[in-house]
Amino acid sequence: MYMDKETQAYFKEVLIKRLDELYAEAERTVAGMTDAEETFPDPTDRATLESDRNFMLRIRDRERKLILKIREALQRIDDGSFGICESCGDEIGRERLEARPVTTLCIECKRKQEAGERARGA
Ligand SMILES: [Zn+2]
C-alpha cells in the first residue's frame, strides 16, 4: 500500500472541502445570472436549473473543470490510484499532492509535459 488510510482520509477531506467551496462559488455565479434574467421568468427553466447537468452547464468553465478534476481525484482515492502518476506509475510526492491534490502527474512527468507543450508552441 503506497498511501496509508490516514493520508487518504486527509486528502479526501481536503478535496471535499475544496469541492464545497467551489459549489458555493458556482452557486453564487448561477444565482447572479438568474437575477439578471428575471425579465424572462420561466418556471420550467427554473426547475431544471436544480439539476446537476444544467448547473454544470451554467457555471464558469474554470469552475466546471476544477469540479470535474476534484471528482476524479475523489474517485481515484476510492479506487486506490490516488497519488500514483498516470504517466510513469511512480508515487507523486506528498509535497506535490499537498500543493495540488488534483494532480495526476509526478513532478518529473509534469516537467516533461510542460517542456513538450513549450516545444509544440514554439
Ligand atoms: Zn511520473
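Yeah, the Cβs are placed from backbone N, Cα and C, and that goes for glycine too.
The domain 'DnaK suppressor protein DksA N-terminal' feature in TrEMBL is assigned to 8-77. Annotation source TrEMBL lists domain 'Zinc finger DksA/TraR C4-type' at 80-114. TrEMBL lists Cys85, Cys88, Cys106, Cys109 with the feature Zn(2+) binding site. Residues or ranges marked as zinc finger in TrEMBL: 85-109.
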May I ask for the residues of the chain that lie six or more residues beyond the zinc finger (85-109) and have a Cβ under 8 Å from a Cβ within it? 2-3, 7, 11, 14-15, 18, 66, 69-70, 72-73, 76
Determine, for the Zn(2+) site, the additional residues of the same chain whose CB lies within 8 Å of the mean position of the CB atoms of Cys85, Cys88, Cys106, Cys109; present them in sequence order. Glu86, Ser87, Gly89, Asp90, Ile92, Leu105, Ile107, Glu108, Lys110
What are the helix, strand and coil residue counts for the domain 'Zinc finger DksA/TraR C4-type' (80-114) according to DSSP? 14 helix, 2 strand, 19 coil
For Cys109 (Zn(2+) binding site), the nonlocal same-chain Cβ neighbours (under 8 Å, six or more residues apart) come out as Cys85, Ser87, Cys88
Could you tally the C-beta atoms, other than its own, that fall within 10 angstroms of the C-beta of Cys85 (Zn(2+) binding site)? 20
